[in-house]
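Student: Just passing along the structure, written as structure tokens.
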Amino acid sequence: METVQLRNPPRRQLKKLDEDSLTKQPEEVFDVLEKLGEGSYGSVYKAIHKETGQIVAIKQVPVESDLQEIIKEISIMQQCDSPHVVKYYGSYFKNTDLWIVMEYCGAGSVSDIIRLRNKTLTEDEIATILQSTLKGLEYLHFMRKIHRDIKAGNILLNTEGHAKLADFGVAGQLTDTMAKRNTVIGTPFWMAPEVIQEIGYNCVADIWSLGITAIEMAEGKPPYADIHPMRAIFMIPTNPPPTFRKPELWSDNFMDFVKQCLVKSPEQRATATQLLQHPFVKSAKGVSILRDLINEAMDVKLKRQEAQQREVDQDDEENSEEDEMDSGTMVRAAGDEMGTVRVASTMSGGANTMIEHGDTLPSQLGTMVINTEDEEEEGTMKRRDETMQPAKPSFLEYFEQKEKENQINSFGKNVSGSLKNSSDWKIPQDGDYEFLKSWTVEDLQKRLLALDPMMEQEMEEIRQKYRSKRQPILDAIEAKKRRQQNF
């Protein structure tokens, strides 16, 4: 729908929504054109600002947390003004939904582009994207702000190829509770060791995440993506820094850049300003080298949408002839409470569809996913069904399943009674497991069998901590729902 932008150029540049606009209903200020995608925090729509004709993105977020925290984070976004950070124009609070109006980046996220093209990026493309990303991080860190969710899904490109940081301070960090639920615990693959260990962290935590993102762009997915997120939580602080699967494919400069990012000690990790002087970044080419891959990705998206529409039209004809009989080419939508039918999508839902890797990365990683045909609702905004339960993070479903298993099987207790002592079962801080050589086979087998119950106990502690933080927030929401207003 880029023709809308070309035929109706902005009459003036939108910098910020004025007070008059913020007192109106959002539908009076914007015309929604289409749904762009779905993220872990809600839906994203493409819209046009009626007064200026400017294209914007609107993220509709169901608010399940402390409104005061959200307002505080939005005030932080209002302070940011950089060409390398997605601009924030204003917000509307309507019922229990937060509508966030932001800068529109027509090419989508780097993660989207990788998935659509079915290709990883070249070193030149990665260097150009990293250069813009580092400039954005340098700005945020100069403002003493931490992004906390750097990954390919949160680096957006406009149609000219300029990379911009997204989901800073608003949808990516609504509150500590939501951030830990959807970022730290739900997708730990990009998180710095000090963040996972909760020992305090500063701006260079973003640099570790940037190093992981560099590997993600090169290989299609981050390290540890093939294992359960909860296991990754314990492995990242303990194991040596990750590196490329096939180092021989990459230049010394690129590998050294990643090495500088992935230093486990925060005090010794490079800053954004220092990394902008790294040879790999200083030799980066202009954004024009990204235009071909952007055009290719947008062409693929358009062709898929056209093909999907043809399938829908064909199936509609078949359905009209068969009078509500299911077509053999259609499948029931999982979890569809309305019982409607949709065409089976041929797109992979994972973060990686490259041939050399399996599609094992969990799909709900907080990265916007491209629409399937059934998600398109004629460009209208759709309010969240209040009867629907919010999607559970994968690790909570994992908890619940394990709890059921533990009720049936008391094996964990039996094993724990036979352990030598609790100190023997702690993960060595230096990663040295030489002491295992002195253990008997029987002791080793007991240790192996006891690992899962131990992990369940540690996860239960995390869950209890989550609950203790969540309940006061829920109580506060009830009090603040009576004060619905635009801001």
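Every residue gets a Cβ built from N, Cα and C, even glycine.
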Student: Of the residue ranges 36-58, 289-311, 427-449, which one carries the coiled coil annotation in Swiss-Prot?
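Tutor: Based on what Swiss-Prot states, coiled coil spans 289-311.
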Student: Give me the count of other Cβ atoms within 10 A of the Cβ belonging to Tyr433 (phosphotyrosine).
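Tutor: Its Cβ has 9 other Cβ atoms within 10 Å.
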Student: Among the recorded positions Asp149, Ser265, which residue has the largest number of other Cβ atoms within 10 Å of its own Cβ?
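Tutor: Neighbour-count leader: Asp149.
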